[in-house]
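J.: Next up is a structure, given as structure tokens.
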Amino acid sequence: MSDLNEGRDSNRRCRVAKQSLSAEAAECCAAEDSSSPAHVQREESAESSDEHQQRLDDAAPSVAELPVPSTWPQTLAEVLAVAFPLMISTGMMSIVLFADRYLLGRYDGVSMGASMAGGNLFWVLVCVPIGAASMTGAVIGQLIGSGQTQRVGRLLWQVIWLALMTIPWLVGCAYFAEDFFRVTGQADELLQSQVTYMRWLMIGGLGLIIESALSGFFSGIERTRIIMWVSVASALVNLVLDGLLIFGLAGFPRWGIAGAAIGSSIAFWFKVVCYVGLLSRRRFREPYGLISGCVFDWAVLKNFVYFSVPSGLLYLSEAGAFTIILLKIGQLGDVPLRATTMAVNFNMLAYIPLLGIGIATSVLVGRHLLQSGPSMAVRTTLAALGFALAYSGFFAILFLGFSDDLVRIYHLGAGQGDAPPGTQEATQMAMGLMGFIACYLLTDSVQLVIAAALKGAGDIWFVLGSATVAGSLTVGAGIYFQPQQPSLQWWWYVLTVWIWVLAILMSARFISGRWKSKRMV
């Protein structure tokens, strides 16, 4: 009995020694443990367990091994290492959107405007689950920063279950698509094309939600080059399908706007297949508990929903306000909507890569907040903000100085009289809109990066509230004070003021420092 008690005492001392990470205590524990009667019985299983754990440790770095920059140049280098592949990844999205609308403009002028309105309504209807899934990377960043690497897989599976719950919603949205557009009073020449585009996109809606969660895993573990290459491959698939299905090349049917949406949906699911194939590899499967985590865990799901649903509602708030503006412009007719689409296409080329900087900021702030403390999180945010301002400043100068030359791209390859009716008038309008984009592009980068930092810390409820207030006040004021003769420029003024208000609110919260005490794990 005394031998057994000694063995139990030594086991307790062993656990204390391992938890305190004291090498001297651990050696003492090992010496005492080897003299206990239970040691011989445990030796074989312990060696097997240690060997397995060593494989996991080799594949997934410990918190102590994660880099903590000590200087501003190192901080900027860390931000760029994570953000640059994500910028290329999101840049692929902007290129595909631009190509989609450009090709549709060459196919049929009405299809170009319809794809803008239809695509935005699609985004409004799916942005809540996509926004929720997009928080996966930030939460994983905090799990890794707090040393809970093996819980990553369990979290990821809860996001997958959450995505599957949206299937009835997606089916319902596709079924009632025509009713959605009729309620908004869209022009008759746009209605059927908008409905067709949105319904085909809905087929890829679930794939887009799941892809957001799976890419969040790779951004959370800071393996963003994987996201980059998957996005490049998906963009190539989408662009090839656009040419084949919009214009009916190589014997494919000439489907126009339906072909553009089908190509996008296939590209969404292509990404899912790529990510699933990568996650099945042992280097990701074992260290992060992807197999053992395949369970339904209500506690983990509830915690994730608390922090992620506000992110989805944030997407809804912003997308809803922007869509209201677009629908108001759509009521002015096809040409103003087409001009807006032309200008927004260039805006997307500049803005969407900034989303990569935002994702990197969320992940790094989440990790550093738990690993290194608030001061490192602040430094990371400021480094990301400086880079974002330099990037967006370049495009602001480009849009101010070369707006006419840029917009003329819509006439490339078109002979005299070959362009769809209204194209000349729409391009003239679009040239005037480029100045609005240059005026708000820098402030847009400010609100995006700082909001991403607040989300990475877990201050998502404030971000949601601020975005809702800003969107409601500015768009509501735009509707209330709208001139008797509505103009395209009026709604672009509303859009510019909205972005400035967002930047002011986010900056004030960041400066207050209240976000520094937030945690998601």
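Glycine too: its Cβ is placed from the backbone N, Cα and C atoms.
What TrEMBL records for this protein is below:
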COMPBIAS  40-58  compositional bias 'Basic and acidic residues'
REGION    28-60  region 'Disordered'
TRANSMEM  79-99  transmembrane segment
TRANSMEM  121-143  transmembrane segment
TRANSMEM  155-177  transmembrane segment
TRANSMEM  197-219  transmembrane segment
TRANSMEM  226-249  transmembrane segment
TRANSMEM  255-278  transmembrane segment
TRANSMEM  312-330  transmembrane segment
TRANSMEM  350-370  transmembrane segment
TRANSMEM  382-402  transmembrane segment
TRANSMEM  430-453  transmembrane segment
TRANSMEM  460-479  transmembrane segment
TRANSMEM  491-511  transmembrane segment
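For the listed features, I'd like the structural context: burial, neighbours, distances.
T.: Sequence-distant contacts of the transmembrane segment (79-99) (same chain, at least 6 residues past either end, Cβ-Cβ under 8 Å): 119, 215, 219, 222, 224-225, 227-228, 230-232, 234-235, 238-239, 242, 264, 267, 345-346, 348-349, 351-357, 359-361, 363-364, 380, 383-384, 387.
Listed as Cβ neighbours of the transmembrane segment (121-143) (distance under 8 Å, sequence separation of 6 or more from its ends, same chain) are residues 149, 151-152, 155-156, 159, 162-163, 166, 169-170, 173, 180-181, 194, 197-198, 201-202, 205, 208-210, 212-213, 215-222, 304-305, 307-309, 311-316, 319-320, 323, 359, 362-367, 369-370, 455-456, 458, 460, 519-521.
Through the fold, the transmembrane segment (197-219) approaches residues 82, 86, 89, 114-115, 118-119, 121-122, 125-126, 129-130, 133-138, 140, 152, 156, 159-160, 163-164, 166-167, 170-171, 173-174, 177, 180-181, 226-227, 230, 257-258, 260-262, 264-269, 271-272, 275-276, 278-279, 288, 359-360, 363 of its own chain, all at least 6 residues removed from its boundaries and within a Cβ separation under 8 Å.
Here the transmembrane segment (226-249) has long-range neighbours at 85-86, 88-90, 92-93, 95-96, 99-100, 103-104, 107, 215, 218-219, 255-260, 262-264, 266-268, 270-271, 274-275, 278, meaning same-chain residues at least 6 beyond its ends whose C-beta is under 8 angstroms from one of its own.
Long-range neighbours of the transmembrane segment (255-278) within the same chain, counting only residues 6 or more positions beyond its ends whose Cβ lies under 8 Å from a Cβ of the stretch, are 96, 100, 103-104, 107-108, 111, 114-115, 118, 193, 196-201, 203-205, 207-208, 210-211, 214-215, 217-218, 226, 230-231, 233-235, 237-238, 241-242, 244-246, 248, 284.
Long-range contacts of the transmembrane segment (312-330) within the same chain: residues 113, 116-117, 120-121, 123-124, 127-132, 134, 184-187, 190, 336-337, 340, 460, 463-464, 467-468, 471-472, 474-475, 478-479, 486, 488, 491, 494-495, 498, each at least 6 residues beyond the stretch ends and with a Cβ under 8 Å from a Cβ of the stretch.
Here the transmembrane segment (350-370) has long-range neighbours at 66, 68, 78-79, 82-91, 93-94, 97, 134, 137-142, 144-146, 219-220, 222, 224, 376-377, 380-381, 384, 387-388, 391-392, 395, 399, 437, 441, 444-445, 448-449, 451-453, 455-458, 516, 519-521, meaning same-chain residues at least 6 beyond its ends whose C-beta is under 8 angstroms from one of its own.
Counting same-chain residues at least six beyond the ends of the transmembrane segment (382-402), those with a Cβ under 8 angstroms from any Cβ of the stretch are 72, 75-76, 78-80, 83, 346, 349-350, 353-354, 357, 360-361, 364, 434-435, 437-438, 441-442, 444-446, 448-450, 452-453.
If one looks beyond the transmembrane segment (430-453) by at least 6 residues along the same chain, the residues whose Cβ comes under 8 Å of a Cβ in the stretch are 339-340, 342-343, 346-347, 350-351, 354-355, 357-359, 361-362, 365, 377, 380-381, 384-385, 388-389, 391-393, 395-397, 399-400, 403-404, 406-407, 410, 463, 467, 488-489, 492-493, 495-496, 499-500, 502-503, 505-507, 509-510, 515.
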J.: Against which stretches of its own chain does the transmembrane segment (491-511) lie, if we need a Cβ under 8 Å and a gap of at least six residues from its ends?
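T.: Same-chain residues near the transmembrane segment (491-511) but 6 or more away: 321-322, 325, 328-329, 340, 381, 433, 436, 439-440, 443-444, 446-447, 450-451, 453-454, 459, 462-463, 466-467, 469-471, 473-475, 477-478.
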